[in-house]
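Pulled from TrEMBL:
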- Glu285: active site, charge relay system (ACT_SITE)
- Asp289: active site, charge relay system (ACT_SITE)
- Ser483: active site, charge relay system (ACT_SITE)
- Asp526, Val527, Gly545, Asp547: Ca(2+) binding site (BINDING)
- 210-566: domain 'Peptidase S53' (DOMAIN)
- 1-17: signal peptide (SIGNAL)
Amino acid sequence: MVFVRAILLSFISLAVASPLQNLVLHEKMNAIPDGFAHNGPAAASTTLNLRINLASNNMAGLEDALFAVSTPDSAQYGQHLTKEEVEAFVAPKPDTVAAVNSFLSANGLTAQTISPAGDWLSVSMPVSKANDLFGAQFSVFTNQANGQQAIRTMEYSIPASLVGHVELVHPTVTFPATFGAPKFTSPGVQAPSTATALVGDAVPASCATTVTPSCLQALYGIPTTRATQSSNKLGVSGFIDQFAQNADLQTFLRAQRPDLVNTTFALQTLDGGSNPQAAKDAGIEANLDIQYTIGVASGVPTTFISVGDDFQDGDLEGFLDIINFLLGEAAPPQVLTTSYGQNENTISRALANQLCNAYMQLGARGTSILFASGDGGVAGSQTTSCKTFLPTFPSGCPFMTSVGATTGIAPEVAASFSSGGFSNFFARPSYQNSVVSSFLTKLGSTNSGKFNVSGRGFPDVSAQGVNVEIVSGGETGTVDGTSCASPIFASVVSLLNDRLIAAGKSPLGFLNPFLYSAAGSAALTDVTSGTNPGCNTNGFSAGAGWDPVTGLGTPNFAKLLTAVGL
Ligand SMILES: *[C@@H]1O[C@H](CO)[C@@H](O)[C@H](O)[C@H]1NC(C)=O
Ligand SMILES: *[C@@H]1O[C@H](CO)[C@@H](O)[C@H](O)[C@H]1NC(C)=O
């Protein structure tokens, strides 16, 4: 393995050194990612469908605009940008377009624009041409876990004329991710628990062992009254052929929310996506996500967005495509929840940056973007061997809200699998500077050298994620995971948006500047015990204030209403 790698790298050095091409090294992987084997050069005639990301004319300006509309004490708070305003920041400059067009036409290539702002192009060419143009050595790599092959290169260059105009070429150095879905921990037919009548704020004792919508309503004070605003939308992302079943949803509602029976979801598809309804097609993740949005965000119009397998984003499983799809809409959902992710070290820094910039764009439009933080504790999205902690993507991106998991009711404690930590790609954003500094001071030298002290800390918030009851394929069972927590927190945000819209106010949009404000953090219940072990350590500990296990804490609906000014 080491020998193969050494040969591969020496070939690449020769290609890059070629004086004729005037190439500049752009991205490089130092080692083949764990779990992949190198199987020799890719056939010269194989067609590669490459994506090229062009430099935007003013991404820094968009970031300023995002914070201006998302920071509660700003004069522009709530004045989210239009599609055209966002595109004006993101579009490449004319000289960038000219440089890239001249490169393409000189090489007999035609590109298609695949994003609304024109910052992403798609272009096809044979491996031989891609090797020449980008000083690459495209090779076949096999994922040893599932046998799937991918054509990648350990490094690539770009012509000197494109430096400053091209952010990245993909897929090149980013290897296909392994996406996780939660395990159905108690499969088998069992009687569904039924909704418990609640008295005041009492949380039923059964919630300590089985979490249902009633438990969440009691624990977080989430209202059961129906939302009233039809313009308010909650989007639920679906990937990897995980399908949401209406029949399972109705079985779930009959047991848990009889008042909501017959409520269903709208469907949007992209990349050839679908949502087949045969019992065998039931997806545990998709059912969980749809049952804990519709069953919690009472009456909020909910859309299942099913991303198919014809990705335009090059083995990113549609992760980029879904954002570009929503950016193309006149009225994207005000909340988007996603319970998929990957380890940050499986994605190139340049690609992570551009995906994060896509979240920035959608946030500026007024969408709250929530993701599950991952289920491997400090070891990342799945438990692997590790010497240093593995942050997850996109939780390290500062323009989204990462949701960790808790368990128990009196009090809630951190779920031991709740991923949290510090990004190696994204620096700590100012909104969390003070609470993260306090955490690091209290931490002292614990875990020193195992994480990046200057990185963006995550998760931001948390919600229940253990023994959550769902129905899938006609069977009732429970699931564990931060996959439970993200739709639950997203539902709370959607219900707040319903009240805000009804009061003639703007929806919350990008949440973090609000959540980390004094008013926002005071409206969350701090979770102060539990740890997220991994990598042969005890991980981090939850404690008073923000921590990289449960973030700022879990929602308190009444306090949040006050904090948003209602
Ligand atoms: C749900 O829809 C079915 C079929 O249309 C109908 O028979 C039933 O009464 C409805 N239930 C509720 C609670 O609305
Ligand atoms: C640590 O994080 C910063 C971003 O804050 C990044 O620039 C740096 O490369 C990271 N260090 C390592 C070793 O990954």
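The backbone N, Cα and C atoms fix where each Cβ goes, glycine too.
When secondary structure is read from DSSP and collapsed to three states, Asp289 (active site, charge relay system) falls in the helix class.
In the three-state DSSP scheme, Asp547 (Ca(2+) binding site) falls into the strand class.
Taking the domain 'Peptidase S53' (210-566) as a whole, pLDDT averages 95 in the prediction. The distance from the Cα of Asp526 (Ca(2+) binding site) to the Cα of Glu285 (active site, charge relay system) comes to 27 Å. Comparing CA positions across the active-site residues Glu285, Asp289, Ser483, the one lying closest to Val527 (Ca(2+) binding site) turns out to be Ser483. The Cβ of Asp289 (active site, charge relay system) lies under 8 Å from the Cβ of Val236, Ser237, Gly238, Ala244, Thr337, Ser339, Ser483, Ser486, Pro487, each of these being in the same chain and 6 or more residues away along the sequence. The record gives Asp526, Val527, Gly545, Asp547 for Ca(2+). Within 8 Å of the mean position of their Cβ atoms, the other Cβ atoms in that chain belong to Thr528, Ala542, Gly543, Ala544, Trp546, Thr550, Gly551, Leu552, Gly553. Glu285 (active site, charge relay system) and Asp547 (Ca(2+) binding site) are 27 Å apart (CA-CA, integer value).
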